[in-house]
Amino acid sequence: MASKGIDKTIYFVRHGQVSHDVDENGVHREHDPLLNDEGRKQALQLQHDLDAEKLPIELILVSPMRRALETMKIGFQHYIEDKHIPVKVIPLLQDCGDWACNVGSYTKDLEKQFPGYDYTACHEDPVFPKKEKIYKADYKTSIQRSRVLAEFFAKVPEKVFAVVTHGVDIRLFQKIQKPEDSLDAVPKEHSFSPCQHEEFRMHYEDDKNWNFEPVK
């Protein structure tokens with residue numbers, strides 16, 4: 001259990017655009033896709049913006065989905081290479097749905113494609129990349145996972161850090177995702193656009209009493 005009365009500054013970043021191979025029912029079939037050309041352009045613009053903003057981050061936490069890792073690698077390139085900001089890959093930050101595009105890759109394959117980051121949490125996770133238990137693709141489980149993540153953020157020693165993740169995950173942190181909303185295709189209303197980043201203040205009391213407030 002994390003201590004009570006904890007405040008953190010978190011910069012949420014949604015990954016860039018991907019090209020989905022969609023079947024006749026609108027289901028995305030491509031497994032764990034990378035960014036498309038437009039997504040890489042968005043990530044380069046993110047890099048430009050982040051370099052100009054000089055975020056005072058001490059740590060980067062990133063989803064193990066390849067589109068999030070690629071966004072992070074491009075967007076935070078100079079923070080990682082010049083400022084030596086550490087990167088931890090956190091399976092709890094994966095996307096919530098269970099379409100093929102939202103199912104992660106094996107850790108050993110991620111380490112080959114995106115080397116140099118801390119994959120300890122992935123190696124220690126007995127479930128990832130399977131969509132079971134805490135990663136089951138339903139609303140109730142996703143709410144539970146957001147609570148686990150809030151406690152995880154509270155326990156992180158760093159006070160200011162970036163989180164590169166997915167649109168639905170951010171909606172869950174904001175407590176605006178509804179039971180009827182899709183977990184696979186992020187609703188367009190009140191959602192982050194590709195590579196959007198925003199500063200939030202997190203206040204944590206316990207696993208049922210926490211909130212993320214945007215900094216305007």
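Using the three backbone atoms N, Cα and C, a Cβ is placed for every residue, glycine included.
Copied from Swiss-Prot, the annotated features are:
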- His15: active site, tele-phosphohistidine intermediate (ACT_SITE)
- His166: site 'Transition state stabilizer' (SITE)
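Geometry remark: His15 (active site, tele-phosphohistidine intermediate) versus His166 (site 'Transition state stabilizer'), CA distance 6 Å. The number of other CB atoms found within 10 A of the CB of His15 (active site, tele-phosphohistidine intermediate), across every protein chain shown, is 29.
His166 (site 'Transition state stabilizer') has a Cβ environment of 23 other Cβ atoms inside 10 Å.
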